[in-house]
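Swiss-Prot lists 102-138 with the feature repeat 'TPR 1'. If you look up Swiss-Prot, you'll see 149-182 marked as repeat 'TPR 2'. According to Swiss-Prot, the repeat 'TPR 3' annotation covers 183-216, on the basis of sequence analysis. What Swiss-Prot records for 223-256 is repeat 'TPR 4', and it gives sequence analysis as the kind of evidence. Annotation comment: Swiss-Prot describes 263-296 as repeat 'TPR 5'.
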Amino acid sequence: MKSGVIPSSAVGQKINEWYRYIRTFSVPDAEVLKAEIQQELKHMQHDSNLLLYYSLMEFRHQLMLDYLEPLEKLNIEDQPSLSELSRNIDSNQADLKGLLDYYVNFFRGMYEFDKREFISAITYYKQAEKKLSFVADHIERAEFYFKIAEAYYYMKQTYFSLINIKNAYEIYVEQETYNVRIIQCHFVFGVNLMDERNFEQAARHFKLALNMAQAEQKAQLVGRAYYNLGLCYYNQDLLDPAIDYFEKAVSTFESSRIVNSLPQAYFLITLIYYKQGKHDKASEYHKRGYEYAKETDDADYAVKFEFLQSLYLDQPNEEGIERCFQYLKNKNMYADIEDLALEVAKYYYEQKWFKLSASYFLQVEEARKQIQRSEGLYEIEI
């Protein structure tokens, strides 16, 4: 080896340490180590697998940043986009085996999840699962269980979500530095319990998560805990306490400039005010929520705000409603169709337009059937 050339094995050990900081959401430590590794790569002996491993960790690093805090608050500049990193990884893949194959599929699943492409995410996760035997680190196994549990929840596969989140939680709770993940586990427990109509137990998880998030001083998690508590009350038709918690979520996100989380909370506040007949308040939140959806390039919530326009302000506009549903069908977002079709069915029922109401109740039933059928879609070969 030439003098001054750094062994790839030494850089590999640093990348492993970098990943430990990423998994514990230790942003400053992760940033420092990333910068050190970038310098060492310039003097490292050539190793194509190690370079791909670095690219994967850079990708995972960016996923952490995108979730946890806005970049402008962290004072981190010139971060590559996830789409750029994804293209770089795809272009550098060879015949991957073992642990690298696991990471490629696992991190790609996280990327697809971030785009709300849930079936695609689970498809990649299940490819990663085939290589899970190469993962000796029990924390990394917990990461896998946690991420696939999240995706199963969004596809309304409650049984599989709860099994995996229990596996993840039992590993994280034995550690001293994984409080962020423990908080997130409580979120996943809670939302699944809501789907089982066990609201009391769900609220316990959310309140415990809120207390932990406040202790950790993580604004994103505090806001998410408030949002989940609002959702818990909303699903029980307790609209006033639901709005109180959604407002707290909005206040937390806005004060910390966590704009990516705002469209979701604004949407439900807007919907509640429309349902209560408070159209002036609804219009105020509708306008701001739609602007946030556009600002953050959140096409899903932009379409949902357009749905509210079609239902409540355009007398209603059947073509606009169906345009929203077609968009959601194209993304296999049948859980969202179920929720929104139910809103339309109830609205028409209250207006005594029973034939239209019945047609949307049938759409609710069809969406539920599609959710039940969705498990087989995860086996698509990629």
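Just so it is clear, glycine is given a Cβ too, placed from its N, Cα and C backbone atoms.
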Counting Cβ pairs under 8 Å that are 6 or more apart in sequence, does the total for the repeat 'TPR 3' (183-216) and the repeat 'TPR 4' (223-256) reach three or more?
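Yes, these stretches are in contact.
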Are the repeat 'TPR 1' (102-138) and the repeat 'TPR 2' (149-182) near each other by the rule of at least 3 C-beta pairs under 8 angstroms (pairs 6 or more apart)?
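The repeat 'TPR 1' (102-138) and the repeat 'TPR 2' (149-182): touching, yes.
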What is the pLDDT of the repeat 'TPR 3' (183-216) when averaged and given as a whole number?
97
With DSSP helix as H/G/I and strand as E/B, how many residues of the repeat 'TPR 2' (149-182) fall in helix, strand and coil?
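Grouping H, G, I as helix and E, B as strand yields 25 helix, 0 strand, 9 coil.
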